[in-house]
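**Student:** Before I ask anything, here is the structure I am working with.
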Amino acid sequence: MNNYITLSDIENLEELIKEAIQLKKENSAAGLGKGKTLGMLFFNPSLRTRLSTEKAAKLLGMEVMVMNADKDGWALEFEDGAVMDSNKAEHIKEAAAVLSQYCDIIAVRAFPELKEREKDEAELVINNFTKYASVPVVNLESATGHPLQALTDAITISELKKSKRPKVVLTWAPHPKALPQSVPNSFAEIMQKSNVDFVITNPEAYDLNPNITKEVSIVHNQQEALKDADFVYVKNWSSYQQYGQSPKVEENWTLTGEKLKATNNAKVMHCLPVRRNVVIADEVLDSYNSVVIHQANNRTFAAQAVLKSLLKK
Ligand code: CP
């Protein structure tokens, strides 16, 4: 692995999942990262990604530097050939090259603006870091993807599945804010690479990018989709068609205990943070069915497997 920007950077998904599960069993520091430094830049808030990736790096023996780039760094210019006479003080060309002097791996979180679809899909921030850094770059959630979360989710399903080919349902849920499509995009991608019966359910105005969902079955009736599910992955996302908007939905899409009765006693997943009683009801999050904490714990081992793979290069 040279970088970890999208799921296509994974050479062998099954092997990487096995590696993460093995690292979880060992749960001990290894010397591979000794004398190496991970630099993490956050243009947006984080709890899990920031702390689990730092922990993963430290378990490998690495030093870690973290910067809230949106608050503490110079405003960055990403346009090639820009005349920098406005508020942007530093060009990505210098910023990425300088960071590469201090760090052996650079990791970046940069959410979409959700205003212009083409602009977000160009992945200006993460792609320019990758272009101008001379060290590997890791995606800590970009405009259109969250591959560390998706790897975590595949590890969690692999650990908890009770049948060879479980039914996995990704369901849209309500949220008071318009959220990116990064998590469901990456989840949909990794499920298509996994041995699962995968279904997506969402209101009509919320179909994800068809270039990502491809042949996946999309059901607009949530109750019908949930039938016999072994895993239910709950997530809000804003509309892709009416880009970044939150078209009104009449039905109640919150995942409740009543709705869960149609499933095969499904494990309930969410990447967190989750808005209780909006996205998922208390009775589900507080039940045996919820595996969200197990899932969050796996963030460390997914990150550790990816960092280890990059360090080996
Ligand atoms: N799931 C996830 O990425 O959590 P954070 O936003 O807290 O990092």
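In case you wondered, yes, glycine gets a Cβ from its N, Cα and C as well.
TrEMBL annotations: computationally assigned, not manually curated.
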**Student:** In TrEMBL, the N(2)-succinyl-L-ornithine site includes Glu141, Lys235, Arg275. Which of His91, His175 does it also list there?
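**Tutor:** Within the candidate list, TrEMBL flags His175.
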**Student:** Which whole-number value in Å describes the distance between the Cα atoms of Glu141 (N(2)-succinyl-L-ornithine binding site) and Ser46 (carbamoyl phosphate binding site)?
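**Tutor:** Glu141 (N(2)-succinyl-L-ornithine binding site) and Ser46 (carbamoyl phosphate binding site) have their Cα atoms 10 Å apart.
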**Student:** Quick one: DSSP breakdown of the domain 'Aspartate/ornithine carbamoyltransferase Asp/Orn-binding' (182-309) into helix, strand and coil?
**Tutor:** 49 helix, 20 strand, 59 coil
**Student:** List those of the binding-site residues Arg48, His175, Cys271 whose Cβ lies under 6 Å from any atom of ligand 1, in sequence order, or write none if there are none.
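**Tutor:** Going through Arg48, His175, Cys271 in sequence order, those close to ligand 1 turn out to be Arg48, Cys271.
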**Student:** Between the binding-site residues His175, Arg275, Arg299, whose Cβ has more other Cβ atoms within 10 Å than any of the rest?
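**Tutor:** Its Cβ has the most other Cβ atoms within 10 Å: Arg299.
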**Student:** Measuring CA to CA, name the entry from the binding-site residues Ser46, Arg48, His146, Leu148, Cys271 that ends up nearest His175 (N(2)-succinyl-L-ornithine binding site).
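**Tutor:** Ranked by Cα distance from His175 (N(2)-succinyl-L-ornithine binding site), first place goes to Cys271.
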**Student:** Between Leu148 (carbamoyl phosphate binding site) and Arg275 (N(2)-succinyl-L-ornithine binding site), what C-alpha distance do you get in Å?
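**Tutor:** Cα of Leu148 (carbamoyl phosphate binding site) to Cα of Arg275 (N(2)-succinyl-L-ornithine binding site) measures 21 Å after rounding.
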**Student:** What are the sequence-distant neighbours of Arg48 (carbamoyl phosphate binding site), meaning same chain, six or more residues apart, C-beta distance under 8 angstroms?
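**Tutor:** Those within reach of Arg48 (carbamoyl phosphate binding site), by Cβ under 8 Å and sequence separation of 6 or more, are Cys271, Leu272, Ala296, Arg299.
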